[in-house]
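According to TrEMBL, the protein has these features:
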- R93, R103, R131, D216: substrate binding site (BINDING)
- D216, D240, D244: Mg(2+) binding site (BINDING)
- G274, S275, A276, P277, D278, I279, A280, N281, K282, N283, I284, A285, N286: NAD(+) binding site (BINDING)
- 3-343: domain 'Isopropylmalate dehydrogenase-like' (DOMAIN)
- Y138: site 'Important for catalysis' (SITE)
- K184: site 'Important for catalysis' (SITE)
Amino acid sequence: MKKIICLPGDGIGPEIIKSAVDVLEFVGKKYDFDYEIEYFPFGGSAIDEMGHPFPEELKTKISNCDAVLLGAVGGPKWDNEKVRPEQGLLQLRKHLEVFANVRPLSVNKSLSTHSPIKEEIISGTDLVIVRELTGGAYFGEPRRLLEESALDSITYTKNEIEKIVRYAFELAKTRNNKLTSVDKANVLATSKLWRKIVIEISNEYPEVEVDHMYVDAMSMALITNPNRFDVIVTENLFGDILSDEASVLGGSLGVLASASFSLDGPNLYEPAHGSAPDIANKNIANPIATILSLSMMIRHSFGLDYIAKDIENCVDEMISDGLVTCDLKKENYLTTTEFTEKLIEKLGYEKR
Ligand code: IPM
Ligand code: MN
């Protein structure tokens, strides 16, 4: 029996998690797959209920599950808290040691019609951003915020860089053997070390073609030439920014799933987007990113590739049938719950 810890979080989090869990319930029955879900407040809702975004009680429970499914955290309500909801998310990532954040974007024909980029440029885009998730500016010390000055530190050790770079090379081997490493080695010391290590490790992977790009050039190339990329590996902050940029190539931030891996689990699955407090409780959020994060969980944590494929195929069909939420379509769009119901209907057709 697989044990899932589910953290709906804040804003649209509970709505999109409900969609994903409805889908999980359906495929669980369809394929006779047994699991158990335990829910915990997390982020802002945990501040409200328990006084901390990542409560101690959850910390002890979470190490014993098979996977964690997270909605989203944060919102203006908690902007002035001593420990903000986002801090809880960073602590969770650190606690689980999920150093490799994988955000795949494949723009198939149906999604390309929703892209803001011209079809001839976007077509064929199939890339994965591998973002280092437990180091860099997000965790660097010292840090301080004073009235007249502020300080953040970007730190990386050789060991941290090697771990994520090896992960990316291994992933490239399972795909098209192409790796683009993104840094700012013309300015930053951490990027100089990063590039040196990528070059060293590339000797162990002669079959993988490697190139290096500065992050500013990369942000341009993602728009002008997205289909030249396969696996992109980069540090935490660059990966955060570039993955938001990449996500809209597919028409909306609401379609980008993500999985965060540690060396031996449990892994963390969460959509790449935030809690979107402005559209919370309106039943209009796009649940695709969360549903696809769930399918990554089913594939990577449970090894049930055929179930993941079934979900992904049906999501593709939904998009190509124009059955999408309002972020992807101006009229005749579906609500969150309608999308979920229709998707489940599709999953129910016997032909698969
Ligand atoms: C993400 C989010 C988070 C991040 C925020 C909510 C702290 O933007 O998962 O990309 O910056 O990592
Ligand atoms: Mn982000």
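Each Cβ is built from the backbone N, Cα and C atoms, and glycine gets one as well.
Any TrEMBL annotation is an automated prediction that lacks curation.
Rounded to a whole value, the Cα-Cα separation of K282 (NAD(+) binding site) and K184 (site 'Important for catalysis') is 41 Å. The two recorded residues, D216 (substrate binding site) and K184 (site 'Important for catalysis'), have Cα atoms 8 Å apart. The binding-site residues A276, A280, I284 differ in how many other CB atoms lie within 10 Å of their CB, and the one with the most is A276. According to its DSSP assignment, Y138 (site 'Important for catalysis') is helical. In this structure, D240 are the binding-site residues from R131, D216, D240, A276 whose C-beta falls under 6 Å of some atom of ligand 2. Taking the C-alpha positions, the distance from N286 (NAD(+) binding site) to Y138 (site 'Important for catalysis') comes to 27 Å. As a whole-number mean, the pLDDT of the domain 'Isopropylmalate dehydrogenase-like' (3-343) in this prediction is 96. A Cα-Cα distance of 17 Å separates D244 (Mg(2+) binding site) from Y138 (site 'Important for catalysis').
The DSSP secondary structure for R103 (substrate binding site) is strand. A helical conformation is recorded for R93 (substrate binding site) in the three-state DSSP classification. Apart from D216, D240, D244, the Mg(2+) site neighbourhood in this chain, defined by C-beta within 8 angstroms of the site C-beta centre, holds V215, S219, L237, F238, G239, I241, L242, S243, E245.
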